[in-house]
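Here TrEMBL flags A:H188 as active site, proton acceptor. Per TrEMBL, the feature NAD(+) binding site maps to A:G12, A:A13, A:A14, A:G15, A:Q16, A:I17, A:G18, A:D43, A:N106, A:V130, A:A131, A:N132. The substrate binding site annotation in TrEMBL covers A:R93, A:R99, A:N132, A:R163. What TrEMBL records for A:6-153 is domain 'Lactate/malate dehydrogenase N-terminal'. According to TrEMBL, the domain 'Lactate/malate dehydrogenase C-terminal' annotation covers A:157-327.
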Amino acid sequence: MAKEPVRVLVTGAAGQIGYALVPMIARGVMLGADQPVILHMLDIPPAAEALNGVKMELVDAAFPLLKGVVATTDVVEACTGVNIAVMVGGFPRKEGMERKDVMSKNVSIYKSQATALEQHAAPNCKVLVVANPANTNALILKEFAPSIPAKNITCLTRLDHNRALGQISEKLNVQVSDVKNVIIWGNHSSTQYPDVNHATVKTPSGEKPVRELVKDDAWLNGEFITTVQQRGAAIIKARKLSSALSAASAACDHIRDWVLGTPEGTWVSMGVYSDGSYNAPAGVIYSFPVTCRNGEWTIVQGLAIDEFSRKKLDLTGAELTEEKELAYSCLS
Amino acid sequence: MAKEPVRVLVTGAAGQIGYALVPMIARGVMLGADQPVILNMLDIPPAAEALNGVKMELVDAAFPLLKGVVATTDAVEACTGVNVAVMVGGFPRKEGMERKDVMSKNVSIYKSQASALEQHAAPNCKVLVVANPANTNALILKEFAPSIPAKNITCLTRLDHNRALGQISEKLNVQVSDVKNVIIWGNHSSTQYPDVNHATVMTPSGEKPVRELVKDDAWLNGEFITTVQQRGAAIIKARKLSSALSAASAACDHIRDWVLGTPEGTWVSMGVYSDGSYNAPAGVIYSFPVTCKNGEWTIVQGLAIDEFSRKKLDLTGVELTEEKELAYSCLS
């Protein structure tokens with residue numbers, strides 16, 4: 001017997017990431033090949049015609065799993081009954097804008113979307129914030145939607161996690177599916193810390209630590225980190241547009257592993273409400289290594305943190321605390 | 001034991017359709033969730049940096065099925081060893097261009113790509129031409145790659161087929177997965193004939209003919225046809241860009257059904273080398289209803305063609321014959 005459809009909201013759906021994301025959702029990449037979906041797509045009024053064009057294309061693709069499409073500029077209609085919310089919409093940084101201005105615009109958006117979600121989403125709705133500043137947008141959403149469990153509000157660092165896997169696979173010339181257990185700590189920004197100290201590669205003679213195989217600590221502690229941190233800018237330089245394909249794909253991975261569970265022996269990176277694990281600041285959205293089971297994430301505890309890593313974890317934590325203060329100052 | 005990777009070429013890969021298509025291929029939408037793939041991506045030198053950006057994003061997405069990516073401006077490198085070729089690259093019509101100019105540019109492109117494919121692709125390579133004028137580009141490719149079996153060279157009318165299914169599903173307010181066996185006859189242009197005379201809908205009381213359920217022949221013979229024929233323009237009007245998402249999805253459906261077979265009792269539409277079935281002109285690429293089995297397509301024979309349909313089939317056939325003559329005149 002076919003499953004009941006799951007309702008998935010995508011905000012900012014008329015944009016680049018939305019356009020890459022919706023066909024992935026409609027094909028079952030996000031929730032499985034046997035899970036029917038209904039798409040809710042939200043964007044702002046200037047994008048209404050383009051959004052309707054996306055809806056038309058979704059109809060034109062005759063996706064077997066897609067059991068309905070709602071395209072709207074009304075946030076209440078968009079949020080009604082949704083089980084999953086992927087928040088791609090936000091105010092992009094424009095040339096000449098100060099950090100405070102970007103923060104201020106986004107804080108307003110996420111405060112109002114928090115209310116709509118809280119009042120209209122289905123119970124236990126899982127939320128993924130993609131729009132930057134992702135961690136702080138997610139925090140604002142959490143603060144202004146108090147009846148949504150804090151554990152249900154996350155932000156995307158899976159893109160950085162996947163980028164780190166990709167860099168290791170290229171360095172070692174191995175299949176990316178044989179690399180696992182990198183960690184992205186902290187903020188989805190240039191202070192993120194891509195950590196390979198617990199990452200492994202599957203080889204003919206079993207799982208081996210990445211550090212052992214790479215044999216180049218200078219690269220792992222230097223260029224590897226900056227490459228992953230700055231990869232977004234590198235994509236923009238090459239494409240003249242930001243990463244839509246890989247961001248959309250990572251959003252699907254984030255939700256899929258959260259809902260369907262992580263494979264045995266494997267963790268992933270998710271920006272989640274911090275409980276102070278690993279001495280990260282509590283009360284911010286901080287990216288940790290997590291496993292997922294029965295629709296719940298759990299921080300992987302007990303991993304050794306060396307001195308080099310400690311400094312990196314603290315640096316990105318300090319930035320998140322500053323962002324939280326800046327966000328709150330925008331609201332008062 | 002894991003399958004050997006299949007090598008898939010996408011030409012024009014730095015463009016909009018390519019960007020939508022490559023993540024679909026990398027996720028198994030085209031060849032199945034258990035079929036590893038290697039992507040060969042080709043574009044022209046001005047797009048080399050953007051193409052490399054796409055390659056970077058494919059690495060960043062850490063797709064488990066994607067076992068390699070080749071990004072190149074060299075047609076020989078691109079074609080080497082490919083098992084499936086999706087030809088998205090072509091010369092787009094620009095404002096002020098005459099039909100003869102567009103045809104002339106594309107004929108040159110497809111003549112040279114024919115040589116590269118013939119000399120370097122794997123034996124039994126399956127070819128799908130997407131770039132417009134799709135049918136005639138495919139014909140030119142066939143004519144200049146004589147060692148590629150004519151049956152291996154096809155063009156995309158699955159997008160129109162899927163659009164027709166979508167329009168019927170919206171008209172009847174049924175799930176698109178319950179509608180089947182529409183037919184797109186002829187040219188992927190405004191003379192295409194979307195035919196519902198043999199289409200059915202799965203209802204609680206069994207399969208019912210579309211005509212019987214719609215009860216509106218004026219609509220089926222009028223607005224329905226023109227809506228499907230002109231849908232591309234409607235998408236451009238709404239999005240200010242042409243249909244990338246739905247075209248990419250249809251390309252995946254076309255190849256998947258060709259390689260893995262059509263479901264029992266269901267046919268699809270493909271532009272194939274005409275043998276004169278249904279009195280269509282022989283020796284052009286004409287869209288027919290086909291079933292697929294063991295990697296081969298077969299035209300569904302014996303379907304009744306009424307007088308209204310006969311005129312439509314002939315009209316689009318005449319246009320294809322004219323395009324063939326125009327194409328040849330461009331070459332001499």
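From the backbone N, Cα and C atoms, a Cβ is placed for every residue, glycine too.
Projection of TrEMBL feature records onto the structure.
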| residue | record | Cβ within 10 Å |
| --- | --- | --- |
| A:A14 | NAD(+) binding site | 28 |
| A:Q16 | NAD(+) binding site | 17 |
| A:G18 | NAD(+) binding site | 25 |
| A:R93 | substrate binding site | 16 |
| A:R99 | substrate binding site | 11 |
| A:N106 | NAD(+) binding site | 24 |
| A:A131 | NAD(+) binding site | 24 |
| A:N132 | substrate binding site | 20 |
| A:R163 | substrate binding site | 29 |
| A:H188 | active site, proton acceptor | 27 |
Quiz item: Which recorded positions (A:G12, A:N132, A:R163, A:H188) come close to chain B, taking a Cβ gap under 8 Å as close?
Solution: A:R163
Practice problem: For A:R163 (substrate binding site), name the DSSP secondary structure in the helix/strand/coil scheme. | Solution: helix
Quiz item: Given A:R93 (substrate binding site) and A:N106 (NAD(+) binding site), what distance in Å do their CA atoms have, once rounded to a whole number?
Solution: 10
Practice problem: Take the C-alpha atoms of A:R163 (substrate binding site) and A:G12 (NAD(+) binding site) and report the distance between them in angstrom, rounded. | Solution: 23
Self-check item: Cα separation, A:R99 (substrate binding site) to A:G18 (NAD(+) binding site) (Å, whole number)
Solution: 25
Quiz item: Cα of A:A14 (NAD(+) binding site) to Cα of A:R99 (substrate binding site): how many Å, rounded?
Solution: 25
Quiz item: What's the CA-CA gap between A:N106 (NAD(+) binding site) and A:N132 (substrate binding site) in angstrom, rounded?
Solution: 8
Practice problem: Please find which two of A:R93, A:R99, A:N132, A:R163 have the most distant C-alpha atoms, given that the record lists them as binding substrate, and give only that distance in angstrom, rounded to a whole number. | Solution: 25
Practice problem: Would you count the other C-beta atoms found within 10 angstroms of the C-beta of A:G12 (NAD(+) binding site) for me? | Solution: 24
Exercise. Report the largest Cα to Cα distance, in Å and rounded to a whole number, among the residues A:G12, A:A13, A:A14, A:G15, A:Q16, A:I17, A:G18, A:D43, A:N106, A:V130, A:A131, A:N132 that the record lists as binding NAD(+).
Key: 18
Exercise. Look up A:R99 (substrate binding site) in the DSSP assignment and report helix, strand or coil.
Key: helix
Quiz item: Quick one: Cα separation, A:A131 (NAD(+) binding site) versus A:R99 (substrate binding site), in Å?
Solution: 15
